[in-house]
Amino acid sequence: MQLCIISLWFLAAFIVNADNVQFEDYESNFFFKEHLGTLSPYHEPYFDGLDSAFPETCEIQQVHLLQRHGSRNPTGDVTATDVYSSQYLNNFQEKLLNGSIPVNFSYPENPLCFIKQWTPVIDAENADQLSSRGRLELFDLGRQLYQRYYKLFDSYVYDINTAEQERVVESAKWFTYGLFGDKMYEKTNFILISEGKAAGANSLSMYNACPVFKDNNFHKNATDAAHAVWRNIFIEPIVNRLAKYFDSSYKLTINDVRSLFYICEYEIAIKDHSDFCSIFTPSEFLNFEYDSDLDQAYGGGPVSEWASTLGGAYINNLADSLRNVTNPDFDRKVFLAFTHDSNIIPVEAALGFFPDITPQNPLPTDKNIYTYSQKTSSFVPFAGNLITELFFCSDSKYYVRHLVNQQVYPLIDCGYGPSGTSDGLCELQAYLNSPIRANSTSNGISIFNTECQARPTNVTIYF
């Protein structure tokens, strides 16, 4: 017991700076919260440092938001067999507390000694629900969007397009509270879009609206195969390293280590701190991040042959709205859509954001290559978003620009903005006609309908 108290003191001293874990070979700090894959808290990515201010010679004409829901509790699974589910983690927590998974508290400086005083915050009754942090994330993003684009808010009522899952709808509501305050209900028209096949090409849950993709389990088959290889490679050394912190009679498993890591991630999402995070090294955080990146890349992102099909319908809809800027009968300027992380990555892949990753040049599953474009921590953390801006500039031309979590994405395939420099802007027609995305901007909806054998819909929704 004395050993545990002493080591808790050392652990507390470490936790004071736990957010800034140092790499031994790096001078800069390692911020582990920015490397939790799709479960990372909201943060801005590190691109090329392009200025996100409006260009001096341009006026904003349209803004299009594709927004992920905020930080949440683990998802639900009544069978309690999915390691990342609330029910599984709830059971795992109970085993840690009742000794079914026996921690060796007599081991000198055991980093798990805190468990004796630990109060779990993951509760199966809260499965799928936003955390208070998630609500605040969306409220603040709504406030910031209004401050930035207030000149465009000249209509009385705005369509709020949202996938119908509860946490997405709630996220949209908190966002619009940030936009409009107590006038939210009179200023908004919520359009709840089915997360099943009924939505067709209007879907904000493209996987589920594409019967060929969903019914053939393309997502699950691809990701399961990738994870089976990578997890056996990178988690086994963690099992061996952590085994000494448990009683010798207990055989620590890969799923145990995954559970410890998920508790770290979800406690961050719920209360912004977790002692469990201190048991992992920087390189282990990066390998778990890579595991998340493999999931998105193979499941429907740039490694998948389906990426442009799944993302193309949204891009086609977006492109039609951009083209309509010169239509005097088209007066929409603000376009708001709310969805999940796995539906943003295919859109960004189809836009050409991840040119180094293709079906022919996939992310390897037997090693972490570290330098690659599709970092889910940067592109789709909790509350992550993709913003498309349309400007009219002093040269009498329209220009497009993308922001990822408020940072300018450096478009390089369609020329420059009016400054003549690489500023992230592309002239509208060059953007629409670039070989990288022309098929999606012109034919994305018809391709989705054909390849997916999607359900036809006569409803017009504007993204």
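Each Cβ is built from the backbone N, Cα and C atoms, and glycine gets one as well.
Annotation source Swiss-Prot lists signal peptide at 1-18, citing sequence analysis. Positions annotated as active site, nucleophile by Swiss-Prot, on the basis of similarity to another entry: His69. Here Swiss-Prot flags Asn98, Asn104, Asn221, Asn324, Asn439, Asn458 as N-linked glycosylation site. The active site, proton donor feature in Swiss-Prot is assigned to Asp341.
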In terms of Cα spacing, which of the recorded positions Asn98, Asn104, Asn221, Asn324, Asp341, Asn458 are within 10 angstroms of the residue listed as 'active site, nucleophile'?
Asp341
What is the Cβ neighbour count of Asn104 (N-linked glycosylation site) at a 10 Å cut-off, with all protein chains included?
17
Rounded inter-Cα distance in Å - Asn221 (N-linked glycosylation site), Asp341 (active site, proton donor):
19
By a simple count, how many Cβ atoms lie within 10 Å of the Cβ of Asn221 (N-linked glycosylation site), its own Cβ left out?
12
Count of other CB atoms lying within 10 Å of the CB belonging to Asn439 (N-linked glycosylation site):
16
Is it possible to get the count of other C-beta atoms within 10 angstroms of the C-beta of the residue listed as 'active site, nucleophile'?
28
Count, for each of the glycosylation sites Asn98, Asn324, Asn458, the other C-beta atoms lying within 10 angstroms of its own C-beta, and report the residue with the smallest count.
Asn458
Find the shortest Cα-Cα separation between Asn439 (N-linked glycosylation site) and the recorded positions Asn98, Asn104, Asn324, Asp341, Asn458, and name the residue that gives it.
Asn324
Measuring Cα to Cα, tell me the gap between Asn98 (N-linked glycosylation site) and Asn104 (N-linked glycosylation site) in whole angstrom.
13
Please tell me which one of the recorded positions listed here (Asn104, Asn324, Asp341) sits closest to Asn458 (N-linked glycosylation site), measuring Cα to Cα?
Asn324
